[in-house]
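Down below is the structure, laid out as structure tokens.
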Amino acid sequence: MAPGAPSSSPSPILAALLFSSLVLSPAQAIVVYTDKEVYGAVGSRVTLHCSFWSSEWVSDDISFTWRYQPEGGRDAISIFHYAKGQPYIDEVGTFKERIQWVGDPQWKDGSIVIHNLDYSDNGTFTCDVKNPPDIVGKTSQVTLYVFEKVPTRYGVVLGAVIGGVLGVVLLVLLLFYVVRYCWLRRQAALQRRLSAMEKGKLHKPGKDTSKRGRQTPVLYAMLDHSRSTKAASEKKAKGLGESRKDKK
């Protein structure tokens, strides 16, 4: 290399920065959420909810996979797969005619429904989500318990949830009617005030008329008095004139 020529090798500092950006800034892991436990009665259906959080936008290549491990079993089998916008039900196992896709990737929902539950469905279901390029993360598991009847504990929880929702609805309705009652009451008071003002305007001309009615006799009396005074003056003047003529 000739003296004074610029070096073509990268700066050691720049190389270190590039290395640290690649090593120390990995993509955030995807996070999958499911219920811990779900309960169902024999012959009924149950929804296995699955949602996720990802640092990336929902990809067209997003995929959901459900696996099932029977109660007491050691191996898990794939029972459902969603990819390229299409759901696929695996032919292996007893769920092939009982699974229904109810999820929506745009809402980050990968839920499925299992129909016609049976005791043999007891076990653990695993939801796995891949949202390229965000594909690193842990799966989430939900345990299904099938009974002849839904357990009381589950019924109590469900009843509490329904009761809470109904309570909120009733509270909103009560608040609506209270606000409406106050508004109607205020409108009625305003209407009464406007009516009173209108009546006051109508009564004012009547008061003026009554005043004029009281003033009219007084005016007539004053007019009669002036006329009588004038007549008396004229009569007196006429009498004086006649008396002067008599003296002459």
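Just so you know, glycine gets a Cβ as well, placed from its N, Cα and C.
Features as listed in Swiss-Prot:
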type: SIGNAL; residues: 1-29; note: signal peptide
type: TOPO_DOM; residues: 30-153; note: topological domain 'Extracellular'
type: DISULFID; residues: CYS50-CYS127; note: disulfide bond
type: TRANSMEM; residues: 154-179; note: transmembrane segment
type: MOD_RES; residues: SER210; note: phosphoserine
type: REGION; residues: 222-248; note: region 'Disordered'
type: COMPBIAS; residues: 224-248; note: compositional bias 'Basic and acidic residues'
type: MOD_RES; residues: SER226; note: phosphoserine
type: MOD_RES; residues: SER228; note: phosphoserine
type: MOD_RES; residues: SER233; note: phosphoserine
type: MOD_RES; residues: SER243; note: phosphoserine
Residue counts (helix, strand, coil, in that order) that DSSP gives for the topological domain 'Extracellular' (30-153): 8 helix, 64 strand, 52 coil
Integer average pLDDT (0 to 100) for the topological domain 'Extracellular' (30-153): 92
